[in-house]
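These notes are about the structure you will find just below.
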Amino acid sequence: MRIRTAGVIAICAVALVGTAACGSSKDETTSDAPSAAAATGELVIWADDKRSAALKPFAEKFGTENGVTVKVQAISKDQQTTFLTASQQGSGPDVVVGAHDWIGNLVQNGAIDPVQLSDEQKSGIAANAIKAVTFNGQTYGVPYATENLGLIRNTELAPEAPATVEALVASAKKLKADKKVSELLCLQVGQNGDAYHAYPFYSSAGGYLFGTNAAGDYDAKDLGVGKPESVEAFKKLSALGEKGDGALKRSITPENSIATFTSKKCAYLVSGPWAVTDVKKANLKYDISAVPGFEGGKEATPFLGVQTFYVAAKGKNKALAQEFVTNYVTTPELAVALYNAEPRPPALTAALDQVKGADADLQKWVDAGKNAVPLPAIPEMAAIWDPFGKAEAAVIGGADAEKTVTAAGTTISGSIK
Amino acid sequence: MTTKLGGPARRALPVTEPAPSEPRPQQKNTGLAGQFAKVLLLGLSVAIAIWAAFPLIAEEHWIGLAVLVAATAALLYIYLSPRHIPAKYLFPGTLFLVIFQLFPVLYTASTAFTNFGDGHRGSKEDAIVAIQTSSVTRVPGSTEYALSIATEGDPATGPIVFLITDPATKAVSIGDAGGLTPAGAVTVTSSGKVTAAEGYTVLNAGQASVRSQEITDFTVPTAGGAIRSAGLSRAYEGKAGRAYDAATDSITDTTSGKTWKADESLGSFVAADGERLVQGWKVGVGLDNFTRVLTNDSISGPFLKTLIWNFAFAIGSTGFTFILGLFIALALHSAKVRGRNFYRILLVLPYAMPAFAMLLVWRDMFNTDFGLINNLFGTDVDWFGGTASARIAVILVQLWLGYPYMFLVSTGALQAIPGELLDATKVDGAGVWQSFKSVTLPLLMIPLTPLLISSFAFNFNNFNAIWLTTEGAPFPADNTTNGATDLLITYTYRLAFGGSGAQYGFAAAISIFIFLIVAVVSTISFRRTRQLEEVYS
């Protein structure tokens, strides 16, 4: 009897936990009731690790000024997917911070709301940053920082900024012949290519990804990969590749490109503002200029990435989120603090003016990105990255450009439908 | 087991246990404490069930509620009735099995029949709301107002009105569902914010944020559209560009007049010219995902090739690690080796390192120009660029990562083989090889075969081993979706998540196919193992 009672109790305890798990698992998927926290006026912000640390003091200030509690939560990995899943379940934040090329996917999942900026606020933000966060004629977020690729060169080895790709290769070849460097150019390719870093050269050689419609929006039906222009562009990449000049190599990967530059094995590095911290640490004399284009070709246009504050469509406190994003993020102090957390040029003109005196690189990055095109935010862009990168890697490795690009174009249009 | 589980009940007992000759009081005491604990735990279970019921009722999730009620009723019936002893033991386990095993499997299987994925995550209502909200634009040339939120009654419950200040004239209007009317006596700051208004209570940000949803939904109709809030301190005149019409089940663009009709088989609003609105919803698509796997050329074409390599990889990874691990285990099994434990610790090291990091380190070591391997041997092999070299490379990495495990289990199994058996073979005049082949190996295989099968099943789906090293490379120039080192799992991951965002429905269908393959292989292997055991036992 005693043994049996003990067993019953033990099993009851197990069952209890089971019921709890059962109850909570159902609760998670269905509960949409306002939590107790929301009743006191709470704003939840999601950002990555670095930015959430920088945001905290400002969030607290906003909270005390307005008599609400503000929570900043760091999401360290897969922010976009995490946000989408959470907001679908009704457990997402009110405000989320992320890259502007999420917009297409977030909009098609109904996860973010448009923001209404006044003309005055819009004029205070860099024009191309506003353009980047505009999707189907609607502004979907408030930009606070921009980033684009540029050419970083070691001024001890290469005092002059090359005007063309050909000049760059010629100068690098001379340095290599003099045994001053072992690599011509540090531009990350990797085993499976890197469409983001290849794009400036691709665009200069005449290639494009998506055409634009009358309103200036990207048109997914007009796919540029696989078109004759793209074949020509890939032929130029091929000429720079392993079987050609050897300026582009698959052995230069995202992991080693910056390190190879800082260890003085190459004189030129194509990278963004994130590389500067390492370059400074290596005590190199460096300068930043725009990525050069091919001789007689078009201008090389890098992609413009814009870091953005979004209002979550399924947030519990949308009015407050709108207030924070449209009327508070647009003040320069916050942009300066975020710049201090990670040195990228602020999108707010007033904030850029404030910090560029102390950091000469900023204006150079902005100049290098003068003709940058916003990274397409349309959902179809997701279909580009992988096939484009692989085609790039294959061509650089010596594969036939025409065959490779045509196949990549077929793959991409197949997954766009 | 029983003593351990019976802890709480025993603690409630008096410290001095009655003599064994008086069993009745003891039983009674245990019964009381047991009854008490039982009532408490059952009460808690019921309380939790009631707590879980409210959100279900609020969501009108009647099936969920029925399941919850049935489960709770069953729980009470089984534990309150003196009979059904086996059920008392079976119920919790069954419940857990249903929650943690059956439910995820059924969920995956049911997802395979839907178009769940990016653009089709939510319900149709969600999609309509998203379409309408994202179509609201500012009326061109309209005024941007300063906004204050006020109410006639209690700040928490009174009806909301917008106090709208024209920035140029500082004239304040009161906006409600009826439209704009000029306000009476008000106090306005230089920024246009109203701090006090006669007859109204102006809400501060904290009070307003509590009523966030009402404020977001609040509109003041105007001739050109409606005034809406942009946060808590600005308002704009906006116009919804697209509206849903329930009668025709379609979305109409108010300016161009274009309509998109709801297509329940696609889960999208589709226009006559085939254009789809980006916001869709989740619908059942029947067997579409499965037929797509079977009929799509880019999937069925390279499928066989990938499957063969997948088997080769799994067999190779398991086989080579086993051979190497067993060889080292045999070498170190000999008592003649000095410092055996030192070597053993050294050999287990790769097993102790995080495989994640090690895979990335190995990937960099295989780099053509900067990698350790080419630099060390003075070679110039494009490791991940050639089919054969890439395949050899990933298997080498698996060998390094996997042999310590095989070494450990082989050592354990070797030590379990009685030394007398080997002595007996010596007496019978068998050589080292013959005694290994006829005695040691067969005895080893009995405990190790199940481990080899599970190792095979693991390596068959070893996503990290490929994704963190070659990512499937090298890819043929004319096919960027299927590489030479791609396993089924990496290949399908790319198909389901690489192309156009996440396609969970499609991914679920593929995972069912992979499950079938692994299940068939495992079943056959286990059948054969049973035969093996019958032979040697």
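Residue 1 is the first one shown; counting continues down the chain.
Cβ coordinates come from backbone N, Cα and C, glycine included.
All annotation found in TrEMBL is predicted automatically rather than curated by experts.
Taken from TrEMBL, the feature region 'Disordered' applies to B:1-29.
What TrEMBL records for B:36-56 (among others) is transmembrane segment.
Residues annotated as transmembrane segment in TrEMBL: B:62-80 (among others).
Residues 71, 74-75, 78 of the same chain lie 6 or more positions beyond the ends of the transmembrane segment (B:89-107) yet place their CB under 8 Å from a CB of it. The transmembrane segment annotation in TrEMBL covers B:89-107 (among others).
Summarising the annotation, TrEMBL assigns transmembrane segment to B:307-330 (among others).
Residues or ranges marked as domain 'ABC transmembrane type-1' in TrEMBL: B:307-525.
Distant neighbours of the transmembrane segment (B:342-363): 328, 332, 397, 400-401, 403-405, 407-408, 411, 464-465, 468-470; these residues of the same chain sit at least 6 beyond its ends, with a Cβ under 8 Å from one of its Cβ atoms. What TrEMBL lists as transmembrane segment is B:342-363 (among others).
Through the fold, the transmembrane segment (B:383-403) approaches residues 309, 312-313, 316-318, 320-321, 324-325, 328, 347, 350-351, 355, 358-359, 362, 366-368, 371, 373-374, 455, 459, 462, 465-466, 469-470, 473-474, 484-485 of its own chain, all at least 6 residues removed from its boundaries and within a Cβ separation under 8 Å. Annotation source TrEMBL lists transmembrane segment at B:383-403 (among others).
According to TrEMBL, the transmembrane segment annotation covers B:439-458 (among others).
Note on the transmembrane segment (B:504-526): residues 108-109, 111-117, 285, 289-290, 292-293, 307, 450, 453, 456-457, 460-461, 488-489, 492-493, 495-497 of its chain, located 6 or more positions outside it, place their CB under 8 angstroms from a CB of the stretch. Under the heading transmembrane segment, TrEMBL lists B:504-526 (among others).
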